[in-house]
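Q: Take a look at this one; I'll ask things after.
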Amino acid sequence: MASTMDDSRHKDATSSSTCFSHFCSSALRAKTLKSSSSTNNSSDGLIRRLGVFDLILLGVGASIGAGIFVVTGTVARDAGPGVTISFILAGASCVLNALCYAELASRFPAVVGGAYLYAYTAFNEITAFLVFMQLMLDYHIGAASIARSLASYVATIFELIPALKGNIPPWVGHGGQEFFGGTLSINILAPILLAVLTVILCLGVGESSAVNSFMTAAKVVIVIFVIIVGSFKVDVDNWSPFAPNGVKHIFTGATVVFFAYVGFDAVANSAEESKRPQRDLPIGILGSLLVCVILYVGVCLVLTGMVPYNLLGEDAPLSEAFTSKGLKYVSILISIGAVAGLTTTLLVGLYVQSRLYLGLGRDGLLPSIFAKVHPIRHTPIHSQIWVGIIAAVLGGLFNVHILSHILSVGSLTGYSVVAACVVTLRWKNNTGNRVSSKCISTWCEGVLCIFLVACCGFAAGVLYRFGTHFIFMIVAVVIAIMACAALCFRQAYSDPPGFSCPWVPIVPTVCIFFNIFLFAQLHYEAWIRFIILSIVSVGIYAFYGQYHANPRLDETIIYHMAPEEDRH
């Protein structure tokens, strides 16, 4: 009897050991992609229809929403006219992140996945899945929130019709009809708008790109018109004092407006639908970001020049500024621009989500239905419909604005991982360095340095947030600099094919430090969300992902070319 029990315990221990070994071997598996000049017009792939101009408009459409008409004024109330510097600083930081994205987009130009794909290639399977889950929650909540805002703006435009003014109930467009103490907030216009955009995206990338291009061009023209008209109403005396509350508020403002630039990563996720990805993706990423910086700075200068910073409104500062100058027709144009901006932001957000689901479906980390591409439309129609349903449910039933303080975790995490990927993929003999006869391999030593930079960024962010003595922040910065120096002198770097991020590893480590610094500025509930979602992600991977994953190691990149008439 005792022998039988011992045998049973031994089998259980062996089974547990086998499961753990399988989990580790799967989780630590990395993906290797080999470039190929092959072409393939098979029906199971996406098709290349996006040119460089389409990609720039895609990035601008993802980044500039109603925020340009609201966030500028909100930050200006604290930073004063110095909000212009806040946007320049945030834009400069995003340029560094964009350089990292541009290199990897050029390095892996032929397949969808973005940050998920880069993490899968540079690190391992579990890291890639965690990045996907953090990004996806941001995208889902963000899409629902934008849909609610768009519904409100559309309802406002409808109320310009005298018969509808004041007669549109809240459950149609304005906010929502609340039940159970606000737990449920019913809105029917948001799901309708999401359904329309989902249908457009399912029709094909050509159709959705045409809609995005038209709406983006419209809002850019409106913003430029607002800047030109407003410049004639500027009083330069309003720019003095330039930083009324000190330099600290300018830097704090930069951490806030950083998120106004989020969206250029959408260009990287369109890799499989770009006509000439290795050339056009870096141009699209950096070009769209440059356009956004110029527009934001122009709006800031006009807004703070028209009205003293302390008199700016809270909800619609730009619109109120023009109304106060007797230019009410410009306020109407601003509302139209806000609708166009929100529409393109939502359209691109839904587009990016479906491509991420497509990538995981292909790799087996999600059910294979997400990997199916329509044979005629060449769109991931099942993934697109799923994304639309999730956004419609959240936007139609819940007041997602209350979840806004747990957003941006995925974006900052994704940006940091992408920067780390640039460093690790540049290491010479990257795979060989993972195994070493030394007590710690060169590869692991480099990863530890990157992790140390991230920890120092978080520590500096927390110290800055709670107003501790600046000497402690300096210590964190010095340690990060030492870790960066170790990356510079302890690793050998190779030159990548295509676009090359300058000053590696300095630029990527600066990105990591600043991104995690911003992470520390988020609400503490965002930190809790990060931890809980990470645990849930590991659980999903343990019960499904590790058994179904098919990363197609040493996969050859296949280019699905655009029709001949669309290549020019």
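Cβ coordinates are placed from backbone N, Cα and C, and glycine is handled just like the others.
The feature transmembrane segment is assigned by TrEMBL to 55-76, 82-104, 116-137, 179-203, 210-230, 250-271, 283-309, 329-352, 385-403, 439-464, 501-520, 526-544 (among others). Summarising the annotation, TrEMBL assigns domain 'Cationic amino acid transporter C-terminal' to 499-548.
Help me picture where these features are in the structure shown.
A: Cβ atoms under 8 Å from those of the transmembrane segment (82-104) belong to residues 72, 75-76, 118, 242-244, 247, 249-251, 253-258, 260-261, 264-265, 267-268, 281-282, 285-286, 289, 292-293, 296-297, 300-301, 304, 309, 415, 418-419, 421-422, 425, 496, 498-502, 507-508, 510-511, 514-515 of the same chain, restricted to positions at least 6 beyond its ends.
When Cβ-Cβ distances below 8 Å are used as the criterion, the transmembrane segment (250-271) is approached by residues 50, 55, 58-59, 61-64, 67-68, 71-72, 74-75, 78-79, 82-83, 85-87, 89-91, 93-94, 98, 101, 104-105, 108-115, 243, 277, 281, 284-285, 288-289, 292-293, 296, 345, 348-349, 351-352, 355-356, 408, 411, 414-415, 418, 517-518, 521 of the same chain, each at least six residues removed from its ends.
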Q: Report the listed stretch (55-76, 179-203, 439-464, 501-520, 526-544) having the maximum count of Cβ pairs within less than 8 Å of the transmembrane segment (283-309).
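A: Answer, by Cβ pair count: 55-76.
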Q: Where, among 179-203, 210-230, 329-352, 439-464, 526-544, do we find the most CB pairs under 8 A to the transmembrane segment (501-520)?
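A: Result: 439-464.
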Q: Could you give the residue numbers and ranges of same-chain residues that sit at least 6 residues beyond the transmembrane segment (55-76) on either side and whose C-beta is under 8 angstroms from one of its C-beta atoms?
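A: Distant contacts of the transmembrane segment (55-76): 83, 86-87, 146, 149, 153, 209, 212-213, 215-217, 219-220, 223, 253, 256-257, 260-264, 266-267, 270, 274, 280-281, 283-285, 287-289, 291-292, 295-296, 299-300, 303-304, 309, 312-319, 321, 334, 337-338, 341-342, 344-345, 347-349, 352.
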Q: With DSSP as the yardstick, break the domain 'Cationic amino acid transporter C-terminal' (499-548) down into helix, strand and coil residue counts.
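A: With helix first, then strand, then coil, the domain 'Cationic amino acid transporter C-terminal' (499-548) has 39 helix, 0 strand, 11 coil.
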Q: Can you find at least 3 Cβ pairs under 8 Å between the transmembrane segment (179-203) and the transmembrane segment (329-352), where each pair is 6 or more residues apart in sequence?
A: yes
